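Here is what TrEMBL says about this protein:
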- 1-25: signal peptide (SIGNAL)
- 29-146: domain 'FZ' (DOMAIN)
- Cys44-Cys90: disulfide bond (DISULFID)
- Cys109-Cys133: disulfide bond (DISULFID)
- 163-289: domain 'NTR' (DOMAIN)
Amino acid sequence: SRLAGPWLLGLLARLLLWGSPGAWASYLRRSSSCMPIPHRMALCYDIGYSDMRIPNLLEHETMTEVIQQSSSWLPLLARECHPDARIFLCSLFAPICLDRLIYPCRSLCEAVKRSCAPVMACYGYPWPEILNCNKFPADHELCIAAVSMDENSSSRRMPRASCKDCELEEASTAREILESLCANDFAVKIRILRRNTTTTISDFDLDPSKVEVLKHGPLLRTEIPARLQQWLDIDATCAHNIMRGTQAGVFVVSGEVQSDKVVVNKAYAWQKRNRNLHQAVRRWKHHRCPEQAG
């Protein structure tokens, strides 16, 4: 099979240490078959190996059923809730075609669940019982372990997706932009940089020298850069949508303060053609919001 990831090399090395699978391998060969992962299976195609077992570890017996059921998880992967989510799901939907059934480790399941279950809850979906982490083997057994650094041992928090579908706004009229700034707790003009990274989740940095506070609301001006960097760290989906594949950009963002974090509700690209945005920012210094005017 085609190898494309260090997690697979590590798994194969551990399998060699475990020795011959014996009678279980004979049963497995009789009860299932190896099939190429089809291109139509977007969840797992090109995951790092080319063949999978049918039935899979979720008891899907046909490729049609596998493709149909696996496609329902693609929106969750688009939320970038955990860098190992795809490996975890594919270990179940498209188990690697070896002489042993290789399940994901319990710790891998727990790490993915910790990051992704809250996102599923945003849309009213509970973590399914079929993915109950207690069903999977402990790390000292033969299993597929996490690839990413554990969030508890990292100096940075694992990026978490937001429940909010944050998108880059089109600069409408200056009046509508001013009304939006009034409705939010804070408004800031910032420059965002994309880090060079090989991880499956993009990393972004705030340029501290390019922070212009338009409205600080309940926040202290001095704490805004750190709070916005925290937002970039934990809200990977929102930042990714705003950047739209660019390496750097200047934006006017506004949002609300929620306990220990800030949530961005609106983001506008600071470009010459966005005349309404430029006009709104110029007028903001002298603008009085309705509650202020009353």
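Keep in mind that glycine also has a Cβ here, set from the backbone N, Cα and C atoms.
Fewest Cβ neighbours within 10 Å among the disulfide-bonded residues Cys44, Cys90, Cys109, Cys133: that distinction goes to Cys133. The average per-residue pLDDT of the prediction over the domain 'FZ' (29-146) is 90, rounded to a whole number. Separation of the C-alpha atoms of Cys90 (disulfide bond) and Cys109 (disulfide bond): 12 Å, rounded to the nearest whole number. Spacing of Cys44 (disulfide bond) relative to Cys133 (disulfide bond) is 21 Å (Cα to Cα, whole number).
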